[in-house]
């Protein structure tokens with residue numbers, strides 16, 4: 001941890017006692033701040049709340065007391081990224097002119113390790129995992145490590161406080177929720193894997209707001225830093241060029257004009273062959289793009305082709321992201337629970353040459369699924385739909401001419417139905433194309449239940 005004066009003696013309100021709220025509170029205490037922690041949940045029996053209280057934090061649970069802002073002056077409000085800006089405490093802080101920031105900004109300002117940041121609508125977690133493993137392979141030769149932190153599930157504050165040294169590297173996954181609250185971060189390399197519409201518009205309200213939040217990943221970089229941009233998304237690229245002072249390098253699915261691109265047999269950096277495509281374990285063109293971005297970041301940070309090959313030739317996928325689960329009677333089963341939108345489902349469905357039995361459905365966020373019709377025609381032999389969107393997805397399947405359509409209420413029924421439809425040589429793909437919140441708390445929980453239900457079938 002780097003000693004900084006920015007938060008020393010400051011009166012700070014931390015909003016939300018999740019894992020990141022707990023971690024950033026401990027970090028801020030170490031940096032000399034005076035803390036109040038507030039959560040709408042009852043914290044009377046919460047062990048984390050008790051631990052913070054024992055360390056001198058004023059803990060207020062069970063409500064959002066907006067009158068706190070009338071009683072005293074706060075220097076900062078550090079909010080859980082998932083809490084909307086319409087929250088009464090956040091709105092009151094804004095009204096009072098209190099700077100509103102999130103955990104990543106606090107943690108990265110105190111990091112003595114250099115860091116790189118990755119964001120995007122789809123693919124950022126896989127890209128972060130690949131980058132972390134490549135860089136760890138490289139740094140271990142020197143006795144140091146790369147740490148995957150941020151939206152991937154490990155708060156940056158935890159690693160900054162307890163693990164990372166000056167010669168380590170933080171590989172940070174950042175969501176648009178986290179980036180919206182950022183006012184000053186400077187990654188050595190920033191990357192935006194892709195940006196699609198219809199993602200988190202319930203939070204950001206407009207697509208422009210969503211893009212602006214994503215652009216914060218490179219907005220505060222210097223000319224000596226690097227920014228990796230998607231050459232194939234020209235409208236976004238034009239905005240990226242205006243948003244960052246860093247040197248922009250591009251990557252492309254197939255255009256050799258880009259700095260990094262997918263060639264016929266190799267992932268390329270200019271004329272240099274970086275990795276043989278046939279040796280990459282991850283399925284799908286989108287994972288070749290994720291691999292390309294990881295190669296770009298890692299090579300800029302010093303890793304060599306031996307480090308890249310060691311990881312890409314063995315890495316089989318992140319949990320819930322086209323995760324291979326098992327083979328049931330000749331049917332390969334994949335868990336793509338992270339597919340919370342149409343774009344993510346599209347890349348998953350396109351990833352296989354075998355006939356697919358698709359299991360999809362979830363929360364109805366107003367998506368129109370007609371864009372999947374042509375994809376269904378080419379790849380899907382049968383479909384099982386469940387959840388709030390079950391009839392909407394079934395309607396898209398009918399338009400595609402799919403003859404076998406099964407509509408069920410929940411995921412458990414869906415797994416059983418899909419397994420009966422799949423034959424040896426098929427792929428059973430769980431790629432919901434929807435958020436999980438109609439029946440599950442998170443996409444991770446949904447994916448865990450999918451795997452559990454599949455394993456139950458395997459044991460019969």
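These residue numbers are counts, starting from 1, taken along the chain as shown.
The backbone N, Cα and C atoms fix where each Cβ goes, and this holds for glycine too.
Note that the structure is predicted; figures quoted are calculated from it, not measured.
Straight from Swiss-Prot, the features:
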BINDING   120, 121, 122, 123, 124, 125, 126  ATP binding site
Cβ neighbour count within 10 Å of residue 122 (ATP binding site) = 26
Inquiry  = I want to verify one value. Collapsing DSSP to three states, which class is residue 123 (ATP binding site)?
reply    = coil
Key: All-chain count of other Cβ atoms within 10 Å of residue 123 (ATP binding site)   = 21
Message = I want to check the contact list for residue 125 (ATP binding site): same chain, sequence separation of six or more, C-beta distance under 8 angstroms. What comes out?
response = 151, 152, 173, 318, 321, 338
Task = Measuring CB to CB from residue 124 (ATP binding site), give everything in the same chain under 8 Å that is also at least six residues away in sequence.
result = 118, 151, 173, 174, 193
Ask   = Here are the binding-site residues: 121, 126. Which has the lowest count of other Cβ atoms within 10 Å?
value = 121
